[in-house]
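Straight from TrEMBL, the features:
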DOMAIN    16-264  domain 'SMP-30/Gluconolactonase/LRE-like region'
BINDING   18, 154, 204  divalent metal cation binding site
BINDING   101, 103, 121  substrate binding site
ACT_SITE  204  active site, proton donor/acceptor
């Protein structure tokens, strides 16, 4: 499709840019730099990026119903007050695993914050296996653990009818689906709906569009792919000018723009000279589909 346009809107050179989330109220895109230890906000009005430094790897950010944001920081769920640049811990997980940290996280349609953990990487995608778990932070600030033995807990989203939860454990090279109970937040009946092909490399962050199709950022694959979760078929591939594409979300006034984060960690000088926009945030227009606004955390 020739109408697809890709533009680097934030040339920040993030080490591991992740967790893009559209903040409609601010007309801004939130994201994090995990190893750079900062939460960032790019304004679509001023085109400027503001950043708040934090004291641990920060892996996801989400809107909060009561205002401001919630984040996953180290192995903590935490609250972030933007103006005050104030971070307060909500609760800890994986206390018995000092080498772990949170990775991707997202809020479900009922306002619960789902996020998973992993072992700290030795180098990109190289780590102690099966150390992670998937958790949910409920609005009463209690936490439930769904399962463990996760390698790299990654992309998550929910079907439009809220009956299916989609999830990626990156090193399984699979996009999985679970039956989902919106009332309780329980998940079950795990199955694979798509296995990545060699050139697609490692599945990372993910989002859903208003047609119920999934968009998956392919780390080391330099692309986002559109999948049909019903048929397990790939419908579209959008290639980006950087290899380490990490996550994607829809945003903009009518959620017709796609934002894609990327990483620069693990790239040498030669590689970076060939991909000077590595670690930048990209805006894709002309996809012809819209996304679903993010849900705020209810707690």
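Keep in mind that glycine also has a Cβ here, set from the backbone N, Cα and C atoms.
It is 6 Å from the Cα atom of residue 103 (substrate binding site) to that of residue 154 (divalent metal cation binding site). Within 8 Å of the Cβ centroid of the substrate site, not counting the listed residues 101, 103, 121, the chain contributes 34, 57, 59, 100, 102, 117, 118, 119, 120, 127, 152.
If you count neighbouring Cβ atoms within 10 Å for each of the binding-site residues 18, 121, 204, the highest count belongs to 204. Taking only the Cα positions, the spacing between residue 101 (substrate binding site) and residue 154 (divalent metal cation binding site) is 12 angstrom. Taking the Cβ of residue 154 (divalent metal cation binding site) as reference, residues of its chain lying under 8 Å away and at least six apart in sequence are, in sequence order, 103, 104, 116, 167, 168, 169, 170, 203, 204, 205, 206. Residue 103 (substrate binding site): 27 other CB atoms within 10 A of its CB, across all protein chains. Residues 18, 154, 204 make up the record's divalent metal cation site, and a Cβ search at 8 Å around their centroid adds 19, 103, 104, 152, 155, 168, 170, 205, 217, 219, 246, 247 from the same chain. Across the structure, residue 18 (divalent metal cation binding site) and residue 121 (substrate binding site) are spaced 15 Å apart at their Cα atoms.
Counting Cβ atoms from all protein chains shown, residue 101 (substrate binding site) has 23 others lying within 10 Å of its own Cβ. Averaged over the domain 'SMP-30/Gluconolactonase/LRE-like region' (16-264), the predicted model has a pLDDT of 97.
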